Structures are given as C-alpha cells and as structure tokens.
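Database features (TrEMBL):
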type	residues	note
DOMAIN	1-181	domain 'UCH catalytic'
SITE	Gln41	site 'Transition state stabilizer'
ACT_SITE	Cys47	active site, nucleophile
ACT_SITE	His121	active site, proton donor
SITE	Asp136	site 'Important for enzyme activity'
Amino acid sequence: MQNCGQLHKLSVCYETFRQEEEAKIKAQGQVVSSDVYFMKQTIGNACGTIGLIHAVANNQRHLEFEPNSPLQAFLLQSAKMSPEDKAAFLEKDESIRVTHESSAQEGQTEAPSLDEKVDLHFIAFVNVEGHLYELDGRKPFPVVHGETTEDTFLEDSAEVCKKFMARDPQELRFTVVALSKA
C-alpha cells in the first residue's frame, strides 16, 4: 500500500505557489488516470479525513475492509461521482461524519472546531498506475508529479515534499505520515 500524507502550513508562499501551479496546469494540461479517486474538501478542518479517504480510496486493492464497513460503502457509492459530488455526498454521510468527529476528539491534542481558522493542512500522495499524484481537496484537481513505482514511491514522494519545504525555508512545521501494511 503506497500513500503518504503531508501536513504543511498554509502560508502566503504556499497560496501563491498553489495559484501559479493551478494556472500552469490549466494552461498546459495534464493526464490524470480515471482510476484516481479525488474529492474536493468542502467541510472545514476536515483535511485529515479527506487525506485519509484519498489514501484509502486509491489503495483499496491492498486493503481488507470490515464487513459492512461504512467507509467501504461510502467509497463504492461515490466512486463514479465528480469531486464536487463526492464532497456533497460526504457532507451528508452520517456514518463518516460521526467517525470523523469521534476520532478527532480521541487525539492527544484538542481538535479545532469545524469553523475555527487553522493554517495547517493535510494532503495525500498516492501511486496510481505508476504515477505519483498529489491529492489536495483544496485544489481543483489532482496534481501529477511524474512516474513512480512501488519501490520508489516513498523516495519520489519525499522529493516532492522537499520542494514544498524549499519554497518556504523559514517554515519548520512539516510532518509526513506514511500508511503501510503492518
């Protein structure tokens, strides 16, 4: 199973780059596999949940779900929806909302309220069909960062993370989390 999450600060530097990157991709285009599961983030302070959904959804072939899993049901029901429709579907999904809220309250630090302004953000990196994708629900589409393999995925993701850090060298709050089989 290959995915990587990254927590980074939503700085002016990040926002400027995000806007420039979006304009460049819109102008030049990119090829995104139809097998990439991507959704928009419309729920405040839910980027961790969105990142985990991206990671799990794009690695289902490596996972075993519990019988009657609410997450698996959500993924199956939303698989063919647009990123915006997936977001709306998530907003209405009580089982995912309850799980999100209870998990957020179980942590060692106090979770922010859904409407509290925070300047940190989680994204996910996944390997789909040999391509490294950055999945950020705040962006309008996945970002392709080139080719990758199961053997080089972690290194390839780390190179993208290094570029994030180089764009804002004064920012020290970067964290990487990898989900893998035990």
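Yeah, the Cβs are placed from backbone N, Cα and C, and that goes for glycine too.
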Where the distance is taken from Cα to Cα, which of the recorded positions Gln41, Cys47, Asp136 turns out closest to His121 (active site, proton donor)?
Cys47
Using the alpha carbons only, what distance in Å do you get between Asp136 (site 'Important for enzyme activity') and the residue listed as 'active site, nucleophile' once rounded?
8
Round to the nearest Å and give the CA-to-CA distance linking Gln41 (site 'Transition state stabilizer') with the residue listed as 'active site, nucleophile'.
7
Local Cβ density at His121 (active site, proton donor) - other Cβ atoms counted within 10 Å:
20
Same-chain residues six or more away whose CB lies under 8 A from the CB of the residue listed as 'active site, nucleophile'?
Gln41, His121, Phe122, Ile123, Gly137, Arg138
